[in-house]
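Record features, source TrEMBL:
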- 26-49: transmembrane segment (TRANSMEM)
- 41-290: domain 'G-protein coupled receptors family 1 profile' (DOMAIN)
- 61-82: transmembrane segment (TRANSMEM)
- 102-120: transmembrane segment (TRANSMEM)
- 140-158: transmembrane segment (TRANSMEM)
- 197-216: transmembrane segment (TRANSMEM)
- 237-260: transmembrane segment (TRANSMEM)
- 272-292: transmembrane segment (TRANSMEM)
Amino acid sequence: MLPDNDTQISEFLLLGFSEEPELQPLIFGLFLSMYLITVFGNLLIILAISSDSHLHTPMYFFLFNLSLVDICFTSSTIPKMLANILTQNKVITYQGCITQMYFFLLFAGLDVCLLTVMAYDRFVAICHPLHYTVIMNPRLCGLLVLVSWIMSVLNSLLQSLMALQMTFCTVLAIPHFFCELKQIVQLACSDTFLNNIVMYFGVGLLGGCPPAGILYSYSKILSSICGISSTQGKYKAFSTCASHLSVVSLFYCTGLGVYLSSAATHSSQLSAAASVMYTVVTPMLNPFIYSLRNKDIKGGLKRVFGVEAIKRPINLELNKCP
């Protein structure tokens with residue numbers, strides 16, 4: 001069907017996961033719970049890091065930014081989905097769809113970059129401990145976060161501007177719970193060759209270079225860990241690496257799977273299910289994996305809420321590694 005150039009597209013329909021009415025309360029309750037856990041968990045991390053001077057180190061500076069980005073990342077999609085279920089209205093305006101897509105791509109890109117920066121931080125801390133404070137100085141830390149923002153903004157802006165050039169036919173139903181770039185491109189009636197080139201270039205850039213950097217950092221970390229004589233030290237280091245790599249693997253495997261999967265039957269349902277993993281589950285797990293099991297964060301939260309750590313002598317706080 002040829003696009004009607006005289007007709008201005010005004011809205012899309014977000015079909016979500018299921019159209020069966022009996023499943024809507026279950027979906028609403030499940031996603032509302034995960035969203036609240038994500039927001040409150042990451043807010044606690046932000047509060048602890050910003051309020052406790054003991055946590056003003058490069059590692060926790062990056063974690064602070066990751067927690068803030070995770071809140072924004074989840075908030076770019078879930079509230080609209082919950083509102084649609086609550087009002088039983090699946091409509092999203094054209095402007096709202098492009099805006100949602102822009103912020104989703106922005107915070108997804110920031111997540112990718114910050115995960116890479118955190119891996120580099122651990123690489124320096126474990127492989128070059130004597131030079132850690134010199135290398136990871138405040139200027140470099142700020143520069144790494146600034147570069148992450150610039151790359152993410154440029155990518156999301158380019159993808160959104162390319163999406164604005166597309167024209168659409170009468171089929172404007174998106175088989176997803178948010179305005180995902182690939183789904184929008186598939187709905188277009190105009191030639192999408194250039195859109196696909198730009199889209200896969202962005203995926204290759206953010207989905208190829210950062211994982212390579214993460215794998216390189218952790219290969220060096222594992223080599224250094226093997227030289228540790230203490231069994232307890234090895235276990236702690238391996239546990240930290242495994243936790244980080246598990247989140248990175250979950251984020252990248254599901255995220256790349258959405259873009260690289262073939263357009264087979266029911267692929268849109270599989271794509272929506274995979275999207276839940278990296279848009280909702282991963283940001284929800286980050287507070288538990290990175291921080292809530294961390295003694296420094298727990299100590300920071302106790303100090304924030306005025307709870308004394310009775311069993312731990314105060315002078316041990318000075319012996320913590322940065």
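Placement of Cβ uses the backbone N, Cα and C atoms for every residue, glycine included.
Note on the transmembrane segment (140-158): residues 58, 61-62, 65, 102-110, 113-114, 117, 120, 198, 202, 205-206 of its chain, located 6 or more positions outside it, place their CB under 8 angstroms from a CB of the stretch. Remote same-chain residues near the transmembrane segment (26-49) are listed as 16-18, 55-56, 60-61, 63-64, 67-68, 70-71, 74-75, 78-79, 81-82, 85-86, 280-281, 283-284, 286-288, 290-292, 297, 300-301, 304 (criterion: CB distance under 8 Å, separation of at least six residues from the stretch ends). If you look at the transmembrane segment (102-120), the same-chain residues 6 or more away from its ends with a CB under 8 A from one of its CBs are 59, 62-63, 65-66, 69-70, 72-73, 76-77, 144-145, 147-149, 151-153, 155-157, 159-160, 178-181, 202, 206-207, 210, 213-214, 217-218, 244, 247-248, 251, 255, 278-279, 283.
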